[in-house]
Amino acid sequence: MKFLDEAKVYVRSGDGGPGCVSFRREKFIEFGGPNGGDGGRGGDVWIECVQGLNTLIDYRYRQHFKARKGEHGMGSNCHGAKGDDAVLQVPAGTQVFAEDGETLIADMTEVGQRVRLAKGGNGGFGNAYFTTSTNRAPRHANPGQEGQEMWLILRLKLIADAGLVGLPNAGKSTFLATVTAAKPKIADYPFTTLHPGLGVVRSDAREFVLADIPGLIEGAHEGVGLGDRFLAHVERCRVLLHLVEGTSEHAGKAYKLVRRELEAYGGGLADKPEIVALSKADALDPDTLKNQVARLKRAAGGKPLVLSAASGQGVQEALRAIQAQLDGEDAADETAEPAEPWHP
């Protein structure tokens with residue numbers, strides 16, 4: 001399945017059904033009076049977060065979603081039925097923006113979350129509603145209220161507890177495959193990973209979701225190499241595991257390049273808790289390993305972890321460091337106040 005993390009859709013709620021002009025006609029009742037019912041309300045447009053989806057690919061082939069109109073009112077004071085709703089199903093992590101691409105309407109973070117995007121129009125009143133002491137037989141009814149319509153932009157930012165960041169070919173996919181059941185494409189060339197991937201890590205009777213973010217290059221915050229798309233997925237991660245390839249020419253420079261991209265992108269990426277690790281340690285001789293660790297320590301301002309996903313060296317230590325950071329984040333999240341919901 002192709003990975004699609006942005007889509008533009010058109011939504012329209014249903015018009016309300018028109019009211020009915022009707023009079024009671026019954027034997028021996030000369031002045032039966034008005035009995036026209038009201039029209040039904042138009043259907044709403046909802047967006048719903050569901051299990052089992054991890055891409056917005058469905059919205060590449062269908063962009064228009066319209067709820068049904070309300071039914072007409074009828075005689076004998078029968079009101080019209082409400083129109084059927086239209087429901088957009090999206091994966092967790094989807095954000096809904098107005099057409100300008102900046103106004104956030106909804107942030108779908110949990111399975112089962114449901115937000116109304118467009119409210120259906122009210123049904124029109126039938127002539128029975130307009131009966132007064134001076135007008136006992138009104139001959140008019142209301143048309144239904146029009147529904148709402150708008151263009152929306154859907155953006156998917158994968159929700160993960162921890163994210164793997166680094167330059168291309170830093171060993172992120174190998175690490176993900178080692179610690180989870182995920183099976184990302186792995187090869188010895190840059191940009192093997194073209195789409196973000198998720199896996200569930202189970203360590204010390206605990207579990208968390210780990211995201212493999214495609215490699216970043218210089219200029220990623222400006223969209224070079226689709227970097228701005230990839231960085232958007234990092235926004236959702238609570239902790240970053242920054243892998244620096246041990247076989248690179250200079251581990252310190254490689255680390256600083258990625259840090260510059262995180263800072264330039266903004267959105268608080270540079271402020272996220274970060275665990276720094278030197279990867280592919282099994283491919284280095286002792287002297288080279290010592291030099292690369294020293295360079296990375298100077299650049300990062302702290303001693304990095306040393307790991308090799310291929311041999312298993314340092315992997316459990318890295319997982320425990322991630323879990324410790326997540327435990328600290330959980331304590332901070334308990335004091336956060338919920339955001340005010342959006343209403344159409």
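Note that Cβ sites are derived from N, Cα and C of the backbone, with glycine treated the same way.
These features come from Swiss-Prot:
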- 166-173, 191-195, 212-215, 279-282, 308-310: GTP binding site (BINDING)
- Ser173, Thr193: Mg(2+) binding site (BINDING)
- 1-159: domain 'Obg' (DOMAIN)
- 160-327: domain 'OBG-type G' (DOMAIN)
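Other Cβ atoms within 10 Å of the Cβ of Lys280 (GTP binding site) number 23 in total over all chains. A strand conformation is recorded for Ser308 (GTP binding site) in the three-state DSSP classification. The closest partner of Ser173 (Mg(2+) binding site) among the binding-site residues, by CA position, is Pro214; the full candidate set was Pro214, Lys280, Ser308.
Neighbours of Gly166 (GTP binding site), defined as other CB atoms within 10 A of its CB across all chains, total 26. Model confidence over the domain 'Obg' (1-159) is summarised by a mean pLDDT of 89.
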